[in-house]
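Undergrad: Quick one: the structure is below, questions incoming.
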Amino acid sequence: MTTITITRPDDWHIHLRDGAQLKDTVRDISRYMGRAIVMPNLVPPAIDTETALTYYDRIKAQVPAGSQFEPLMVLYLTDKTSPDEIRKAKASGKIVAAKLYPAGATTNSDSGVTELKNIYPALEAMQEVGMLFLVHGEVTDSSIDIFDRERVFIENILSKIVADFPELKIVLEHITTKDAVDFVTQASDNVAATITAHHLLYNRNHMLAGGIRPHFYCLPILKRNTHQQALLAAAASGSKKFFLGTDSAPHAKDKKEAACGCAGSYTAHAAIELYAEAFESVNALDKLEAFASFNGPDFYNLPRNADTITLVKKPWNVPATYPLGDTNVVPIRAGEAIDWQVE
């Protein structure tokens, strides 16, 4: 039986939701992740320090007994985010980053940024105090094809931010294209990226060929196979610029299986197991630990986790659904096998 032991991993991008759903999402991700960067796109969003810290308390209240899981909080940037709010958030010790959602780009992003210049004072403060800048890298112009929105964002927006704020640490989140891989690789050491398990394992054929599979529908959308291969190569390259971020984003079953379904794929039930499959597919299990456990904390200037987990190559069948508050979520690989499990 094949086993691998790695330093306990972290998730550098997750959606835990709120209310009744929180106990289920926290239960799933805290099983083996030491920390997680928690997205602030709630309703209403966590646009100030106080809101983010009360959300932190709600998450901590759901952490199972015996778990050392620690949520790392994020401020939701708006056109009105002030430099003082950035300094206050940084001083809290619990808010480690602020997030750019272009208005309308993804779930609960309606309060997001409408003009880049509106957040320049906040970005200057972030650069000054050492707060990380997390980016959902898609334009929202309806005339731009949905498969091109990441590339156009990089060309027209991100390249300018990187040039204007050379000392700002930036994470381009959930990258999905070779264009993003190339940009991050060629940028300074202050630019990094997270990659999801589902973008490593799947491409748009899995979502669209032979019938529409709504549980693969996420934003940024799955791209063609050539982009998937570029992501796999980047993750397995050993580069310190790429690290684990699940972007696990639960929606109720009826919100996904609908005439106008929500964007988001749920992977918190088996995140590291799915990443192990992806790395094994390119004969790179020896690179998994750095990607999952080292590169993220190193980029955030946080200590690596001190303990370990052991993965065993032993297939198990994923349930058709998991509980999600007063409803259910259909996870990635529902009703099918995953090759790895945590011992």
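From the backbone N, Cα and C atoms, a Cβ is placed for every residue, glycine too.
Per Swiss-Prot, the features are:
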{"type": "BINDING", "residues": "H13, H15, K99, D247", "note": "Zn(2+) 1 binding site"}
{"type": "BINDING", "residues": "H15, L16, R17, N41, H136, L219, H251, A263", "note": "substrate binding site"}
{"type": "BINDING", "residues": "K99, H136, H174", "note": "Zn(2+) 2 binding site"}
{"type": "MOD_RES", "residues": "K99", "note": "N6-carboxylysine"}
{"type": "ACT_SITE", "residues": "D247", "note": "active site"}
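Could you place these features in context, so I can see how deep they sit and what lies close by?
TA: DSSP gives K99 (Zn(2+) 1 binding site) a strand state.
H251 (substrate binding site) carries neither a helix nor a strand DSSP state and counts as coil.
The Cβ of D247 (Zn(2+) 1 binding site) lies under 8 Å from the Cβ of H13, I14, H15, E173, H174, T194, T196, C218, G264, S265, T267, each on the same chain and at least six residues away in sequence.
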Undergrad: Taking the centroid of the Cβ atoms of K99, H136, H174 (Zn(2+) 2 site), which other same-chain residues have Cβ within 8 Å of it?
TA: H13, M39, L100, Y101, T106, L134, V135, G137, E173, D247
Undergrad: Other than its own, how many Cβ atoms are within 10 Å of the Cβ belonging to R17 (substrate binding site)?
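TA: I get 23 for this one.
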